[in-house]
Amino acid sequence: MKAESGQTSRRILCVFPRYTKSFGTFQHSYPLMDDVAAFMPPQGLLVIAAYLPDEWSVRFVDENIRAATADDFAWADAVFVSGMHIQRQQMNDICRRAHDFDLPVALGGPSVSACPDYYPNFDYLHVGELGDATDQLIAKLTHDVTRPKRQVVFTTEDRLDMTLFPIPAYELAECSKYLLGSIQYSSGCPYQCEFCDIPGLYGRNPRLKTPEQIITELDRMIECGIRGSVYFVDDNFIGNRKAALDLLPHLVEWQKRTGFQLQLACEATLNIAKRPEILELMREAYFCTIFVGIETPDPTALKAMHKDHNMMVPILEGVRTISSYGIEVVSGIILGLDTDTPETGEFLMQFIEQSQIPLLTINLLQALPKTPLWDRLQREGRLVHDDNRESNVDFLLPHDQVVAMWKDCMARAYQPEALLKRYDYQIAHAYATRLHPSTPQRASKANIKRGMIMLRNIIWQIGIRGDYKLAFWKFALRRLIRGDIENLLLVMVVAHHLIIYAREASRGHANASNYSIRLREAAVPAE
């Protein structure tokens, strides 16, 4: 579906802001690969670009790949921006540059939807999802593209049905430069974890696209150059279990038709381990990774954060069950909880050893607006606004002790030998049970060339020039002896980033939360 403009032509520059370097964007991996420069295409901005009227010209710039230029701004009638809290500084900077050309700037996305007061300099704020606010913004720009005298806020009251969503405008993006693709099947999550802003922003009743839409989008992504993997960005892939069961057979057939070109990944709650019928279909659809918000192995803490659904199955048992279907578990972990003790760090390290999960996003607790956690801490007077701190939460343990615990866990969890040992375990117990499709599409000349470039870069940058070459060669030789080059490449692309980033974090050179941004980083010159 597209909006209408009454035949008026406009030129819209869509700019996606650069990410602050973080654990989850894998910047340290890009030099190992062929022409990769960014993590994944921004769904929201590309959907908006596709929704704009046919009469409008649209240009898309992802500043993780290249910066918007003076020529881009000179071409445009208006600028659209979208992003998350951690991109706040960069969003404000784009606004300032656009205003240098006297262009009106509209901001949408999750950050402004949660905190419109963060963005006083933007001309238009789009609060909420695609819907009537989008149509109002389009109508306003159809009528007039001069900057308004004061900020105008459009708030979505009537969301567009997801079955009417257009295919994201992948053709505008340099898809081959992304580490992986992204796709959205549903929006919303039925659970109310205390720290999570998803239910407040997108609702508790998951809204859905049709399986046919998803298949069409996957076909378009391949046409536009997405390769390797596609990540379902749904807040919870099994938020509607019936819908997941409806979609999965379509994905299985699509994979067979297209030669299993893409591995799939998603986010889901741990109770997926109780649904073997879903896990078996996911295996057949070539799902290879699930991000599970385990948060903590402490049952008392899980109950306190209203994450009781993580206790429907013993955590270690759930992880092993998921892995038995060939699916690697990636885990979210939070430190700084009210239930933490001085021994929590050691408890976490024991859990990592027992679970053998290689990749864990270990964050300090951060209170996000529009969450029950924010409301509770505000009542308790425990929200802290201090740009010298790693979190806006007044922990019950001393702040410096919690930060030191986080640094220690990062350093130990991603020590090269320990990390690669966990990957050895995954290869033997999870990767061994997944599908191993052999198709002409996977063995294409382009894929073989890409693999050879990656192998060359990995051997040169890690095996010869790197400072953990002994651990690397112990791991690599085991893979090479078995002819297992694919897993060698897949593991080292991820592991290298984790090792380098963890070193930066343990030295205090990285934020202790992927969801925070310090005030000094968010500051921009006043206009």
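Each residue, glycine too, has its Cβ placed from N, Cα and C.
Annotation comment: Swiss-Prot describes 36-148 as domain 'B12-binding'. On the 0 to 100 pLDDT scale, the domain 'B12-binding' (36-148) averages 97 in this prediction.
What Swiss-Prot lists as domain 'Radical SAM core' is 173-408, and the listing cites sequence analysis.
Annotation comment: Swiss-Prot describes CYS189, CYS193, CYS196 as [4Fe-4S] cluster binding site. Within the same chain, residues at least 6 positions away in sequence whose Cβ sits under 8 Å from that of CYS193 ([4Fe-4S] cluster binding site) are GLY293, GLU295, MET305, HIS306, LYS307.
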Within the same chain, the residues at least 6 apart in sequence whose Cβ is under 8 angstroms from that of CYS196 ([4Fe-4S] cluster binding site) are CYS189, LEU368, THR371
Counted with DSSP (H/G/I as helix, E/B as strand, rest coil), the domain 'B12-binding' (36-148) has 51 helix, 21 strand, 41 coil
Simplified to three states, DSSP reports CYS193 ([4Fe-4S] cluster binding site) as coil
